[in-house]
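Features reported for this protein in TrEMBL:
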| type | residues | note |
| --- | --- | --- |
| DOMAIN | 132-423 | domain 'NADH:quinone oxidoreductase/Mrp antiporter transmembrane' |
| TRANSMEM | 6-26 | transmembrane segment |
| TRANSMEM | 33-54 | transmembrane segment |
| TRANSMEM | 74-102 | transmembrane segment |
| TRANSMEM | 114-132 | transmembrane segment |
| TRANSMEM | 167-189 | transmembrane segment |
| TRANSMEM | 209-234 | transmembrane segment |
| TRANSMEM | 246-271 | transmembrane segment |
| TRANSMEM | 283-301 | transmembrane segment |
| TRANSMEM | 373-394 | transmembrane segment |
| TRANSMEM | 414-432 | transmembrane segment |
| TRANSMEM | 487-511 | transmembrane segment |
Amino acid sequence: MMEHLPVLLVIVPLATALISPFLSLLSRRLSLTVIQCAFLLNFIQSLLALQRVLSQGDWHYWLGGWNPPYGIEFVLDGVSAPFAVVATGIAFLVSLYAQPFFRKDPTEREPRSLFYVLFLLMATGVTGVCVAGDVFTMYVFLEITSLSAYGLVALGGNRAVFAGFRYLILGTVGATFYLVGVGFLFAATGSLNIADLAALIPNLTNSPVVIFGLVLILVGMGVKSALVPLHFWLPDAHTQGPTPAIAYLATAMLKVFSYAMFRFLFTIFGGYTNELASRALEILGWLAAVSVIYGSVMAIAQTDFRRMLAYSTIAQVAYIPLAMAIGTPFAIAAALLQVLSHSMTKCLLFMLKGAMHVKMHTTMIGKLRGMGRIMPICTAALFIAAMSMIGLPPASGFFVKWQIVTEAAGTGKYVFIVVMILSGLLNAVYFFRVLENAMFLPPEGEAESHGSSCRDDAEEAAQVSPHVESSVVPGDPAPGFRGELPILMLAPIIILAVLIIVAGVGSGWILDNVLNHISLPGGGAYYG
């Protein structure tokens, strides 16, 4: 069974997506149990695959016994295996969080069977992109990922349908650019296999067909990864969709497009050993720098915690192409560490956004006053997530920023240093507003009581006549939900908060082990 692990990483969530609707007809509890077991099994499989790669090197799997470049090849290496662990781990934690969330939040009670089918398909696509050994198979999995994401966003309600439709239109444009670009590369080389392309492309980089193909691919991936100025679909999509769906979409799913860029620019085109890839990386670096500043500035202007997270995602995801543009082994390792760090941090923040909605009936930043009294554990987790986003030790985000700044200084890219410092300062500004309201300011009712006793009178009247209903005040804990969250909602939040600190403290070990299994062009090959 172990020898088939690369393909099982894809088959397990895909098969579960196909059978779960039929299981739900028999028993909803049985269906949810099978789904949970599938996500857990998928995570364990990815850990075993990573252990195999770390101990024995790259793992090549040929479907049907057909040798590449003619057959379909799955590959796990020092880049794809850690990525798969992050993707499957986040998916498992989100699946734990989703069940009690949909029960507790009456405003987001969507068809749960459809949610889990689409979620499983999205997890299938993300993992499939990681293991794909040819660019067309990668396209197929990218589209599975995207199509399921469109549906998940549309599950959020009336406005979410419009956001999902706009996401669909722009995502289809991006996918078309990618597919046409792949067609140009195939026309120039006669191959779709990544290892084969890596051997053929260096001799063809002056070909207009190859140049145009790479431009189309990068534009397509730029749309899907929300690089400025191709980002305008993201804020609405990340604001309107169901919270568990966005917790995965904004983390593991959004990063597969940066992963695809990495495969083309470094694995196929050779990174800074190739003139065409060098120019593309320089342009990508500047676009990423603009995205970092733009996303951070726009996040400051938001009054809704959801939209603040959406714009901060634009900035934080751009750290990955920014690190790739530096191009050194440690910078690439920092990009992978950012995949881990941001996935955990942003997933935690979206889970906390759901907690705010369930417990306080609001996600408006100004209405979060007194959150620390209502949900002390969640507020502590919010503080840890803010530390990571700002870049304060010992959170993992600090070590990502430090590594990027160090490598930028070593390569003379001083503008990137300024960008990273500004990003940290801007992150501090918009997270301070959230922390100030959640941790330091008293609840609105308590603040008002200094000038008026109206609220006290209302509470006294409610005690005298318990049958009298009172309206829910935004910022107050929901009736029946005083105290912390249900354990299945709270457990993923605690786990992610702890892992952010553990990943920060252990970042040196992570970087060293990642570097031992990354071979940049000029010092080895990823595939072959």
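Cβ atoms here come from the backbone N, Cα and C positions, even for glycine.
Counted as Cβ pairs under 8 Å, contacts with the transmembrane segment (167-189) are highest for 209-234 among 114-132, 209-234, 373-394, 414-432, 487-511. Of the candidate ranges 6-26, 114-132, 246-271, 373-394, 487-511, 246-271 contributes the most Cβ pairs within a distance under 8 Å of the transmembrane segment (209-234). When Cβ-Cβ distances under 8 Å to the transmembrane segment (6-26) are tallied for each of 33-54, 246-271, 487-511, the top count falls to 33-54. Counting Cβ pairs closer than 8 Å to the transmembrane segment (33-54), the top stretch among 74-102, 114-132, 414-432, 487-511 is 74-102. Within its own chain, the transmembrane segment (74-102) is flanked in space by residues 6-7, 9-10, 13, 32, 35-36, 39-40, 42-43, 45-47, 49-50, 52-54, 58-61, 63, 108-110, 112, 115-116, 119, 123, 126-127, 130-133, 194, 242-244, 247-248, 251-252, 255-256, 259, 262, 336, 339-340, 343-344, 347, 351, 354, 358, 485-486, 488-489, 491-493, 495-496, 514, 516-519, 526-527, which lie at least six positions past its ends and keep a Cβ under 8 Å from the stretch. Same-chain residues lying 6+ beyond the ends of the transmembrane segment (414-432) with a Cβ under 8 Å from its Cβ atoms: 285, 289, 292-293, 296-297, 299-300, 302, 308, 312, 315, 322, 325-326, 386, 389-391, 401, 404-405, 408.
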